[in-house]
Structures are given as structure tokens and as C-alpha cells.
Amino acid sequence: MVNTHVNLPGLDLKNPVMPASGTFGFGDVPAAQKFDLNDLGAMVIKTTTPHATTGNPQPQIAILEDGVLNSVGLTNPGVDQVISEKLTKLRHQYLDLPIMASVGGDSEDDYVEVAKKLSASGLVNALEINVSCPNVAQGGMSFGVHAGVVEELTKKIKMAVALPIYVKLTPNVTDIVEIAKAAESGGADGISMINTVLGMRIDVKTRKPLLGHNMGGLSGEAVKPIAIRMISQVRQVTQLPIIGMGGISTAQDVIEFILAGANAVAVGSAHFEDELAAKHIAENLPAELEKLGIEDINDLVGQVKFN
């Protein structure tokens, strides 16, 4: 019997597969209603902000040959309503499923406020800190591009909450290793990586970008080599748990990410092709491990053999 159980801070996972934040909303999107979320290791909810956010102009999503470009924005009803309605309902439906909430904001105070409220709710097991949000006080640059800002933000949230926190790294930086080290110095319990890669596509007939917001985040197959490279680099400098993401669509991809250094994975864009992608990947994983003669998935973490 192959062991796929993974134990991370705050997250006791029956298998290492979860949906990426935003994929299944707050567990209320049609795809999430079509199967038992207990088939997954955990549920990750959409990024939550202090107040309701409407998102970016349409079109928000462009499906490409080898990925997805999106500028949905952080559409959510605000943290109070997320707790009183969305999370309460989700937790009532799934009493034992590990739930990770994603935290966003325009300022450090926003992050701390949302994190404190989510932590105090008693409805979630861990927090993912989405540092790809624009830092309004610093001219709109993403929080996640400055090591000093990431360290300080992580420290402030860590001091304010009892829950484990996972800092979600943006790949749109010169040196992701420096940012990962900063998150660890700030007290992060784990790292999620990678968020989407900033991109743009243009319709040659209209000469307009495909997205209403012009630029957006690229995810899916196209970013997989970037994600694997960055996870491998970060694994060389930290023992923190890593939740890997970026183009995972098969059980074999999961194994590749774990060899690079991830402990668990999140699946996002694959759901555009198969709305039950995460479920199918989790189901297929034991057989793939068996083929490779692996008895315990945890034995594979970071075991890439460099040339």
C-alpha cells in the first residue's frame, strides 16, 4: 500500500493534492459541488480582503494554446461575509477537511486585519499569504517583489495569529531565493509557489490586448518549467514545507514537483480542461508511485539527481 499522507504545519493531508486558491471559489462553484472535496488533501479558498472587491474589467480570462491568462482580480465579498457565510457553510459541509484561507490586501494593516479575523473564526487550519497584491502605499508594486517587505509583512502576521502561515511567492522577481529566505526569516511556517507569471497577448485584428486589464497572470503548462526550476532553487536553501503549483495536470506532474522539492501541490488551470482535475490527479497518484516502486511519497521530496 502506497503512503500518500503528508503532514504539514496545520494541514494533515490524506494526499498532497489541493486546488489552487481561486479555483473552487469558497467551495461554492459548480465544479466543487460535483464531487466530495474530502477526496483531496485540503481545500484552499479564494483570496479574501478586508472589504468587498469586484475584480477587473472583462474579459478577465483568455485560454491560450499552452496555458491560461487571467486578470480576474480578487473578487470576494470581504472577510466578514466570507467568515459568516462562505466559510461557515464550507466548514459545516466538511467538518474534517483541512481548509487553508488565502489572505490579501492593499496594505500591511489590511493583511493583518484579514489574517486575525480568519484565525479567530476557528474555521480554517492555515493561512496562505498572497503577497502578489499591489502595495498601494508603495506606488502599487507587488508586496512580494521586495525581500524586506515580505519579511516585515510575514513578521507582523505571524505575531497577530496563532495559525501556521504559508507565504505565496510571486515568480515576477529577479531572485526568488532571496524572497523565500525573507519569508523564512519573518517566521513563515511554509511557502506556496509559484503564483502566476505576468504576461500579455494581443489580438492582431483589433490590436487590443486579449484581457480587459491588458496584462494578467499566466498559468498552466507554459509555466511548469519555471515553477519546477524555482521550487528546486528554493529547496536548496530551506527546509520549510513547500506547496508547489504551476502547470500541474497529471499525477506524474505531482511526482516531478515533489522531486524538485515540493511537499504538496495545488492544481489550478488544469480545471479548464477537466473540472475534476484535482480529484483525478489524487486518484491516479498511488498507481503512478507504485509504477516507480515508491512506498512513501514523502521519501521523494527534493530527491532530484542533478547532472
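For all residues, glycine too, the Cβ spot is worked out from N, Cα and C.
Here Swiss-Prot has SER21, LYS46, THR47, ASN130, ILE194, GLY220, GLY246, GLY247, GLY268, SER269 binding FMN, and the candidate from LYS155, LYS156, LYS168, LYS291 in that same listed site is LYS168. Reported as a whole number, the C-alpha separation between LYS46 (substrate binding site) and CYS133 (active site, nucleophile) equals 13 Å. In this structure the alpha carbons, written CA, of GLY220 (FMN binding site) and THR196 (substrate binding site) are 9 Å apart.
Here the candidates are the recorded positions SER21, CYS133, LYS168, GLY247, SER269, and by Cα distance the one nearest GLY73 (substrate binding site) turns out to be CYS133. Other residues of the same chain near the substrate site, with their Cβ within 8 Å of the Cβ centroid of LYS46, ASN70, SER71, VAL72, GLY73, LEU74, ASN130, ASN195, THR196, are GLY22, THR47, SER132, GLY217. Taking the Cα atom of each, SER21 (FMN binding site) and SER71 (substrate binding site) are about 14 angstrom apart.
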